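Some notes on the structure that comes next.
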């Protein structure tokens with residue numbers, strides 16, 4: 001491991017690099033846009049889609065069907081990781097980051113334009129599921145490439161601080177914030193008729209901005225050296241699954257705790273909190289969106305702090321401690337707090353869990369554990385399998 005880290009520290013010598021601020025902005029804005037697109041779907045799947053895209057009758061059945069389309073993206077994400085990761089290790093990080101952003105953007109705008117079940121019947125949920133699959137493909141190729149964009153351009157011994165910027169939940173913050181704002185400005189009838197479509201269609205503007213920033217980048221110096229030496233692996237995923245089994249298994253399970261609790265905090269807790277009693281808590285929709293906003297702010301504040309801690313104390317030790325705290329919190333605190341029905345306690349549960357999740361996410365720095373010729377495949381593929 002020391003040899004790998006030493007090699008990484010010297011990978012950038014005598015190779016031109018992008019402006020550090022430009023790299024941070026490109027990594028941050030692209031991932032923020034993709035996660036904005038991804039999570040506006042999560043919010044809509046709970047409060048809008050059961051009423052728009054599925055047969056009306058049993059509200060619980062419609063909600064379950066809507067959440068099933070949300071889950072489709074988790075099937076698509078490892079496929080997207082393998083696809084974009086393959087080309088990321090073959091033709092470069094920049095090209096695949098542009099392609100993944102386009103894939104996500106087009107899929108999201110399509111969702112905003114889809115007619116509902118009352119107009120086209122069964123084709124409405126089928127087209128919705130297909131567009132959601134496209135979102136999963138795009139996000140599958142995004143995270144690992146954005147992390148590599150930051151770390152492969154970062155100075156030695158500061159990669160823990162630079163790697164987490166694409167983890168800052170700006171996209172999730174604006175996804176919830178957009179729906180919260182629309183809920184305040186519009187009547188329920190206006191929101192359900194056309195208001196929910198606004199963030200999906202507006203994402204086209206954000207994607208154009210993200211594309212402009214990313215197209216202006218140079219290739220990372222690490223991949224440039226690999227390409228110059230003609231050391232690209234022909235089939236990166238095949239090599240990964242046959243020659244790096246241990247890394248694949250460890251990478252798959254290393255984020256299990258944080259991903260599990262993240263989606264419990266966001267999608268499940270929103271569904272449970274807004275569902276009418278006795279199925280759920282029956283809390284107002286706006287109140288839950290506001291709680292999620294506050295939790296995400298806590299998440300974002302802890303991201304750079306956790307990056308500094310990773311550089312100061314080491315990733316392995318930090319991961320063990322934070323994962324242990326997450327397990328204890330999940331077993332003994334989260335369920336009682338969320339199930340209490342008390343808005344203050346529900347808010348406390350989300351904020352505590354978000355803080356732990358933010359700390360744990362930072363300690364997964366792909367560039368320190370994989371060969372540089374396969375980083376764009378190993379990291380996103382293993383992360384998206386457990387996601």
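From the backbone N, Cα and C atoms, a Cβ is placed for every residue, glycine too.
A quick note: this is a predicted structure, and the numbers were derived from the prediction, not measured.
Per TrEMBL, the feature domain 'Major facilitator superfamily (MFS) profile' maps to 23-387.
Among the features that TrEMBL reports, transmembrane segment is placed at 38-55 (among others). Sequence-distant contacts of the transmembrane segment (38-55), counting only residues of its own chain at least 6 positions beyond either end whose CB sits under 8 Å from a CB of the stretch, comprise 61-63, 65-67, 69-70, 73, 104, 108, 111, 114, 116-117, 124-125, 128, 132, 135, 139, 171-172, 175-176, 178-179, 192, 196, 199-200, 203, 266-267, 270-271, 274, 285, 289.
The transmembrane segment annotation in TrEMBL covers 67-85 (among others).
Counting only same-chain residues 6+ beyond the ends of the transmembrane segment (97-130), those with a CB under 8 A from a CB of the stretch are 30, 33-34, 37-38, 40-41, 49, 52-55, 65, 69, 72, 80, 84, 87-88, 137-142, 145-146, 149, 197-201, 203-204, 206-207, 210-211, 214-215. Per TrEMBL, transmembrane segment is recorded for 97-130 (among others).
Here TrEMBL flags 167-186 (among others) as transmembrane segment. Only residues 6 or more beyond the boundaries of the transmembrane segment (167-186), in the same chain, are considered here, and those with a CB under 8 A from a CB of the stretch are 28, 31-40, 42-44, 47, 195-196, 198-199, 202, 266, 285-286, 289-290, 292-293, 296-297, 299-300, 303-304, 358, 361-362.
Annotated transmembrane segment per TrEMBL: 198-215 (among others), in sequence order.
The transmembrane segment annotation in TrEMBL covers 247-268 (among others).
What TrEMBL lists as transmembrane segment is 288-310 (among others).
Here TrEMBL flags 319-338 (among others) as transmembrane segment.
Distant neighbours of the transmembrane segment (198-215): 22, 25-26, 29-30, 33, 36-37, 40, 44, 94, 97-98, 101-102, 104-105, 108-109, 111-113, 175, 178-179, 182; these residues of the same chain sit at least 6 beyond its ends, with a Cβ under 8 Å from one of its Cβ atoms. Mean pLDDT for the domain 'Major facilitator superfamily (MFS) profile' (23-387) in this predicted model: 75.
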